[in-house]
Amino acid sequence: MSRNFLIDSFQSTKDGSKCGINPMSKKSKTFWNKLFVILAMALLTWELRADSFELNGEYTDLFKAVRRGKLEELEPLVESFIAQGKNISDALNEPYPSGLRTHKQNLLHEACKWDRLEIIEYLISKGLDVNAKDELGLTPLMIAVSTKHRYYNKDSNSVTTSSISSEKIRYLLLKGADPLAKSKSGMTLLHYAAYRGLDWFVEDLIAAKMDPNASDQNGWTPLHSATSGGHKNTVEILIRKGGNPKVKSEEGYTLIHIAAGHGGANLDLIPFLIQNGANINAKLFDNGETPLHIAVNKNDPQIIRLLLANGALPNIYDSGREKNTPLHIAVKYNFVECAKILLKYGADPNIKDGFKESPAELARRMGHRQHMSDLFKNK
């Protein structure tokens, strides 16, 4: 893609500083922050298949034709729709029979979701707005970039997955897609591109002056997104282009918190983040959990070992009512391998939690868990 074109697109956007909505008040932020994270990540991690959901409502045939990529089916339906004096832009997806919401997406959103370039071209020629937003404030380009597409190969009887091609992104931008658009939660194209590991697009967006530290309403930046996706190369690009490796979200999530919660994909990323100044013992604001607490809760021995080897404190407390150390958590959930690693790296079996109980005492009290109890026989 021509960087000059993308830069021109940014410069021609009016009042770009006012895209999106203001952060919500501190009083209600915790609940809504979590809700927005769930909604955003549900979209980002959605892998699509043509038979994923049954369609519902007045416009079922239109959406089915788009989903299947059958232009020969779609054209007569659209022409009939228009002949009745109806506006094709008013065709919005209805909730599925199961009740799952579709966020009032139009046919162009659907075409971008299913990676149908021929359909995308046709719908734009029929006047659908390339910057139309659904209930979550997502444009067709945002959906195209964020969705992981699945393709069935009849010859090999296999399914492959991929992100959107540069050709489709280029086409949508040429047709006026706004590269500065933000969702209602404040996420930008750079967030979505970073999550998908679209390095070429990440570099183009930053070259076009998009801020690598842009944050959504939760304080999540493109670096959080890239880390969530396990894309070390994307993280390196963002940091090289000015992204802050010490960034924290509104709830205190650092990049290492995110990496610790996403397992093996981040084994190479965690040491890189530490080398770039990230705090391995940073605590979340609400419950005081460190990346090590998160890794133990996920029962992830590999990440636990990696964190401890790189300076994570084994006896650090969270700030919840129970005041757990990582070892308390491992014992409570009977994560034997995690407990072994923690003890090897100096976790204190006699340190007290908020209820004045040590991991050793807890293990003995839960003596029916024989393998765990055996670890503490002489402690």
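Note that Cβ sites are derived from N, Cα and C of the backbone, with glycine treated the same way.
Only residues 6 or more beyond the boundaries of the repeat 'ANK' (103-135), in the same chain, are considered here, and those with a CB under 8 A from a CB of the stretch are 48, 50, 59, 62-63, 66-67, 69, 71, 74-75, 78, 82, 88-89, 91-93, 141, 143-144, 147, 149, 164, 167-168, 171-172, 175-178, 181. The repeat 'ANK' feature in TrEMBL is assigned to 103-135 (among others).
Here TrEMBL flags 185-217 (among others) as repeat 'ANK'. Confidence annotation: the repeat 'ANK' (185-217) carries a mean pLDDT of 96 in the model.
The helix, strand and coil residue counts that DSSP assigns across the repeat 'ANK' (218-250) are 16 helix, 0 strand, 17 coil. Summarising the annotation, TrEMBL assigns repeat 'ANK' to 218-250 (among others).
Non-local neighbours of the repeat 'ANK' (251-285) in the same chain are 30, 33, 218-220, 223-224, 227-230, 232, 235-236, 239, 245, 291-292, 294-295, 298, 300, 302-303, 306-307, 310-313, 316, 318-319; each lies 6+ residues outside the stretch with a CB under 8 Å from one of its CB atoms. What TrEMBL lists as repeat 'ANK' is 251-285 (among others).
Look at the repeat 'ANK' (287-319): DSSP puts its residues at 16 helix, 0 strand, 17 coil. The repeat 'ANK' annotation in TrEMBL covers 287-319 (among others).
For the repeat 'ANK' (322-354), the list of distant contacts is 290, 292-293, 295-297, 299-301, 304-305, 308-309, 314-316, 360, 362-363, 366, 369, 371-372, 375-376, 379: same-chain residues at least six beyond its ends, Cβ to Cβ under 8 Å. Residues or ranges marked as repeat 'ANK' by TrEMBL: 322-354 (among others).
Sequence-distant contacts of the repeat 'ANK' (287-319) (same chain, six or more residues past either end, CB-CB distance under 8 Å): 254, 256-257, 259-261, 263-264, 266-267, 270-271, 274, 280-281, 325-327, 329-330, 333, 335, 337-338, 341-342, 345-348, 351, 353.
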